[in-house]
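What TrEMBL lists as domain 'Major facilitator superfamily (MFS) profile' is 44-472. For 45-68, 102-119, 131-149, 161-181, 188-209, 221-241, 283-304, 324-343, 355-374, 380-399, 411-434, 446-468, the entry in TrEMBL reads transmembrane segment.
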Amino acid sequence: TLFLMTTISLQMAERLADQTTILLPIRADAHSLHSENCNIPHLRYFIVLIGTLAAAIGIGCNFAYNFAVVCNVNQSMDVKATYEQSPSSSPVMYFPPGITNIIYSAFPAGNILTLFGLIALRGRVSVRNQVMIGTAISTVVTGLIPIAFDLWPTSTLVLKAIQGAAVAPTIPLIGHIAANWTPLAEVGFFIAILSSYSQIGIFITMSTAGPLCDFFGWRSIFYFNACCSAVVLVLWCFFFFDTPAQHKRLSDKEFQIIEPNEKPVVQKKTNVPYREFFKNASVWAVLIATIGNYNGISPLIVFAPALLKKAVGLTDMQTSNFNAISFLLQLVLKIVSGILSDRWTSVSESFKTRFFNSISCGLAGVLMIGTGFFPVENKILCAVSITVTQSVIGFNSAGFNKAAMIVTKQYAHFIVTIIGVIISASTIFEPFLVWAVAPDTTWDQWFFLLVLHGAILVISNLIFCLMIRAKPAKFTESNATLKLKEMELQ
């Protein structure tokens, strides 16, 4: 049902976006107009970095809530009574259990609804402007959440939905940068960096949330992330442009590294060949792996603070540290696997994507199932196992993430958008599943969630390994041929 709704909605949005001719500036003209400007060496790496940070800070602002609701909360505390003593300056961020889970789902709900509208804007509003406006809104909303909570707690639900909508443009951004700023020889490394935005964002939030909570209270977590978002916004406005041909500070030498022998020309925007796209087995392999990956690991990513704090019984600082370590390791493994994938040239891309995806989803699934059988009395063992399980998922940058870019090529933006829909959909429904199975957040209740989601990871990886063929799909080749013929006629 999700795929059917996604396909129909995206097709309608594509029709709304007219076949506008996109004028790409001729590189020689652009260079002559800005010959006096100082070029920035290795600019493509900075573009990837700023793009990753723009996506990361949106995730970080979202996860500020995940830690804030457990800040200063312990197992013996009556949270409701503590809140009611001073609602306008409460030391805890309290919501009734049902409202808490709805707020968890508000961010992805706003995110998924906005993604459809972004397709209609493709070709009309630049990626630069979309992300700039979205980041500005997210910055303001994140700073307003604690202020609005003190006046009207339910306002958090509305603000989280707005925050999700504002962050939506950063999801297609990853595919856009991969398609426009990535040299062929560095695809694995660039995808590893770009796809690590969630790890970077969550690491920044979780590594600072514990100290901020202990010293300044839960409100400071939101204010800190809003300030970080404002800094990224400034960097984005000054340095990011949609394509290499548009950037004033890109040297001709680096332009040829990114797009060898390319001459920017007048192009017509091409629609995604939906029928061929969804008939391709490798596309489905990527989508099934995406569903398994994000549905399988999402309970740990979203609810790790609550799981470690309430079920395992760690302190605020310990919860912050274990979460930060898990996402730092995940980030390192993403980058390492991307580099290894680029340099491992003795085997096929299909073998490499199967290998790294099996370490990511397959091993993470086995570890998650095993974690459920550990006794909660051994707090450190449980916390370490949860940390390692979250960490190894980082290998997916050289797994299904890389396969998605290889298979879809010039249509990478579309599959990345679908992946964003899947992530948002899984995050919408997961809080309600957790609430239904583990309403008291005890270790015994979480046993069923760990085993279930571990099995999802293992099974989806097996399907991916059987179906994937990591090479450009035929629908990319046929469209490229048509494009060449059109250029010859011109």
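The backbone N, Cα and C atoms fix where each Cβ goes, and this holds for glycine too.
Because TrEMBL annotations are produced automatically, they should be read as predictions rather than curated entries.
For the transmembrane segment (324-343), the partner stretch with the highest count of Cβ pairs under 8 angstroms, out of 188-209, 355-374, 411-434, is 188-209. Contact check: the transmembrane segment (446-468) against the transmembrane segment (283-304) gives at least three Cβ pairs closer than 8 Å, residues 6 or more apart, which meets the contact criterion.
Here the listed stretches are 102-119, 131-149, 283-304, 380-399, and the one with the most C-beta pairs under 8 angstroms to the transmembrane segment (161-181) is 102-119. Most Cβ pairs within less than 8 Å of the transmembrane segment (102-119), among stretches 131-149, 221-241, 411-434, belong to 411-434. Long-range contacts of the transmembrane segment (380-399) within its own chain (CB-CB distance under 8 A, at least 6 residues past either end) are made by residues 188, 191-192, 195-196, 199, 289, 293, 297, 300-301, 304, 307-308, 312, 314, 318, 322, 325-327, 329-335, 337-338, 340-341, 352-354, 356-361, 363-364, 367-368, 370-371, 374, 443, 464.
Simply put, out of 131-149, 355-374, 411-434, 411-434 has the most Cβ pairs sitting under 8 Å from the transmembrane segment (283-304).
Restricting the average to the domain 'Major facilitator superfamily (MFS) profile' (44-472) gives a pLDDT of 85. The stretch in 45-68, 188-209, 221-241, 355-374, 411-434 that contributes the largest number of Cβ pairs under 8 Å to the transmembrane segment (131-149) is 221-241.
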